[in-house]
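Q: TrEMBL lists A34, G35, P36, G37, S38, G39, K40, T41 with the feature ATP binding site. TrEMBL lists 837-854 with the feature compositional bias 'Polar residues'. Feature annotation from TrEMBL assigns domain 'UvrD-like helicase ATP-binding' to 13-291. What TrEMBL records for 292-602 is domain 'UvrD-like helicase C-terminal'. The region 'Disordered' annotation in TrEMBL covers 714-769, 837-858, 923-956.
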Amino acid sequence: MVSASPKHFSILKSLNNAQARAVSSDAATVAILAGPGSGKTHTLTSRVVWLVDCMGFRPEDVIVATFTVRAAHEMKERIGKALKGGRENKIVLGTFHSIARRYLSAYGRHIGLSQKFGIADDADSRAVIARICKRLQLAIDPPAARAWISKKKAKGTEAGLAASTRKQPAKPTAGQQELETCYKEYQDHLDRSNLLDYDDLLVRCVELLRKFPSCVSNIQTVLIDEYQDTNGVQYELMRLLAQKQGRITIVGDPDQSIYGWRSAEIRNLWRLLRDFPGTDEISLEENYRSSQSILDLSLLVIQQDKKRYQKLLKPVHNKGTRPVLRKLKSASAEAEWIVSEIRRALLMSGAMLNNGDVAILLRSAAISRHVESALGKAGVGYKMVGGFKFYDRTEIKTILDYLRVIHQPENNDALARIMNVPKRGIGDGTIKALVEEAEKSSLSLWSLLTKHCRGDRAAKTRITKQAEQKISGELLRLLNGVRKRVTEASESTPFGLVEMIEHLLTALNFRKVLQDTQPDDHEQRWANVQEFISLAADFVRDLQQSGDDALPEIEGLQQTVEDDVLPRFLANVALAADAQKGEDGQESKPLVTISTIHAAKGLEWPIVFVPAVYNGSIPHMRSEDGDEERRLLYVAMTRAQCLLYLSYPVYSSMGNGERNELSPFVAPLDSCFAKKGPCFDRPVVGQIAQILQRKLAPDETVFKNLPPMFSMEDNIFPIDPDEAQKHDAGKPSGGGDGDQQTDEYPRLKRPRLSAPTLVSQDNGEEQEWRKEYATTMEQASNFTVSSLPGFVSAGTHQVAITAANAAAEASQRKERAAKLSASRRPADQKTLMNFVKTSSRPSSGLQTSTTASHGANPVNKLASFQNAFALKHGIGSSTQKLPKPAISPELAAHKLGAGRPTIHPTAAQSRIKEEKSERKQYACFSSSPTRPPAPEAAAAVGGEEDQNGPPSPVQPARAAACLHATTVNLPRGLGGAGGLRRPARLSREGIAPMDKLKKPFKPLTMKRL
């Protein structure tokens, strides 16, 4: 160990113990096993600075090899900040291929390589191999031959020698012979053309360093990043680069080896330990990225591999929330849930998080269609990493252009893009000239081609006879035929959107076109085409199930009904695909990241979604290495810092309705996941702020920015789609009016409300009831409101009652003024009938009118007024009706009388009251025991003397304690209680009529004496 100095301290002060030990190790070979988020890049950068500043190595004697250009730029920038003075530019730093090219450019002539050699990219290599197979008539697939050649070179010479020593079959198969023939012809072509492909850069550099080791005699140390992704030839190149001093530092994580399909060999770590016995193994176990909950579950996933190099991860941050495993009904529902959860997390964090903090990691880019569509509908900006947007892929754009020309032949751009797809012998120059000629002639390209092929108008642009036949006999005939079938379609012979797409693919032989033009990835592109067909089928199904985009009929304004599905589908695609136009160059605006898991390696986000975690996606159906698929899921899970969401659709989106099985890597750990998204309360948001080291927003800011009716919980989609489907299946259909919900989505339309009509008690005519509420104090026949649809606010209810009372008072004042003007009595003087009403004497006209209008059924006037009030202010629905009243309208108006007679208590009643107060109360019985009959009242009681005495003041009437209609609240003079009552005048017949008032009350059904 070098003695400590201020320079040493400045390098080590930002490192933990394990990192400092790795940086300052004196061993010639150091293997730093760094888990995700353990700071491996910072450790490797510090190791380079330590070797240059503390060990005294010259920068030009240090080689640093990475796997990506992005990683190389990041490493160079960090080293430059530490070394200063531009010394980082002298370090041999770059990818393996760039380092090999530098050495071949400098020393390649020693192995017969021209200094002006060229590099053949992947497209060039595929084209050369395809021509060789066709020329030699080899019965092999060119893409398969290309992959076989690449793997053969990637194994390295050491692997080739080991393979040659093994027992080989006596006679190679015909396929092996053809592969060897293709390989030889391919290499001869590259040599004649002075070309090197990507694999040759490494192979020829190994050859150079093996034959001329002096080329690297100055190298003091070699450092390798992402060592777990090296293949055989890269391992040999590493050894040869460090062959002079044997100083090697590697940084890697076997748990993140995910490039086996690119010939990466995870066993290279054991080869290093075998070839360099004194290697210092140092594990970086402190994780600075993820919460403890995320790390614990990630380790449970990767520890299922019993053959892995055993190491742990220790969290630095708090426990955090449990990762979520969400089960949705379909892929479209899964995408909608992801969008809703993103929105919920961002709103509940109070602007602490934004779209740039969210990543959606996919096993393959083909499954991004649903996610892109959902984000586009919600207006959420996103960017694609590791793949193109679904609608921007070449094969999808070609199909869409054919559909656009079928719908709109005047679309010059779409027609120009498909004129030579598939190949029809029309060059790009000819197409460009035809478009220019059509625009100068004020014609569409379609019209120009049609007239030229018919002989009506010859095009000025030269078109070969063969190309003309292809245009007329293939392109125009196909498009016109499809358009004709659309117009002739019927229920017996349907020709919908899906049938149209399938017809186009068959007529174009599109799968063969992809095999010819995209031989390396034609299967993946054909899978994208199948996804596009599923998209069209989903669109048609959703359109049939819901008519939400239909506008209401407007009287006097004719509405055009769009029955054609194709233009609506194209508009939907255009809106979804155009959601990001104009935003790609705006780096300041945060965007959600959609990435493949491979492209996300080395990156991190606060919130990570991993959809489609089912068997067939993770692990992939075409994968042959299950352990690598498990490591791929481990990489995806460890990209998350705070929130991790895994999800999968229960049913397949390919239209066959097959049930998906949960990934075997996740199924054993199902109980360890949360079943729904976290509750973003103060502690949870505080933990997120602590992990990200961001400022926590106050509660006032959070709740102030929440939109109305916002769901703060993850409760929009059912936790178990199967149980929700069973529950929905058991519900009644609701009369078959189409209201029944048929899928897992929330209901978007309010169900139609209905109620019976109300029969008015004023005129007996049937009218529409517009009030959506009822109270027991207003109508005696309805004492509950459970059966009434809807509700109304208390304020609206009070406004209606106040307005009704005001109208009633105005009407009463008018009637009172008219009546008093015809009477000789002074104002406010009452008659005896205001206080007393006998059963034998009919009521006066004034009282009858008053009772009928305000006493017998006061609800009718109020209800009529409220009907008009509700109609004016838009309350209620014209289709809502109350149930039939329990009391017949004829009997509802039957009352005992509007006035209440004033009866003075007698001496007998006073005595009974005193005895009742002295009697013992029995709390244990529902009613008191029977008491002896009270003595008859004396004849003197209530005599003439009492009748002629001064009257007792009448107490103000109390409010009715019952629920039926009363006259208590009516205005003064209309049967209501108000002020003091005058005693009744003595009639000419004497006191006899008053004695009748002292008789006991008998109901109307009993015979009166």
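Cβ from N, Cα, C; glycine included.
A TrEMBL annotation is a machine prediction, not a hand-curated record.
Each of the listed features needs to be described in terms of its position in the shown structure.
A: Cβ-based neighbour count (10 Å, all protein chains) for K40 (ATP binding site) stands at 22.
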Q: Given the binding-site residues S38, T41, which one is most crowded in terms of C-beta atoms within 10 angstroms?
A: S38
Q: Centre the Cβ atoms of A34, G35, P36, G37, S38, G39, K40, T41, go out 8 Å, and tell me which other residues of that chain have a Cβ in range of the ATP site.
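A: Leaving out the recorded residues gives T43, D253, L284, N287, Y288, R289.
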Q: Return the residues near G39 (ATP binding site), defined as same-chain residues 6+ apart in sequence whose C-beta is under 8 angstroms from its C-beta, sorted by sequence, else 'none'.
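A: N16, Q19, L284, E286, Y288 - these are the non-local Cβ neighbours of G39 (ATP binding site), listed in sequence order.
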Q: According to DSSP, does P36 (ATP binding site) fall in a helix, a strand, or coil?
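A: Coil, per DSSP.
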Q: Which residues of the same chain, at least 6 positions away in sequence, have a Cβ lying under 8 Å from the Cβ of P36 (ATP binding site)?
A: D253, D255, Q256, N287, R289, S290, S298, L313, V635, T638, R639
Q: Within 10 Å of the Cβ of G37 (ATP binding site), how many other Cβ atoms are there?
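A: Within a 10 Å radius of the Cβ of G37 (ATP binding site) lie 23 other Cβ atoms.
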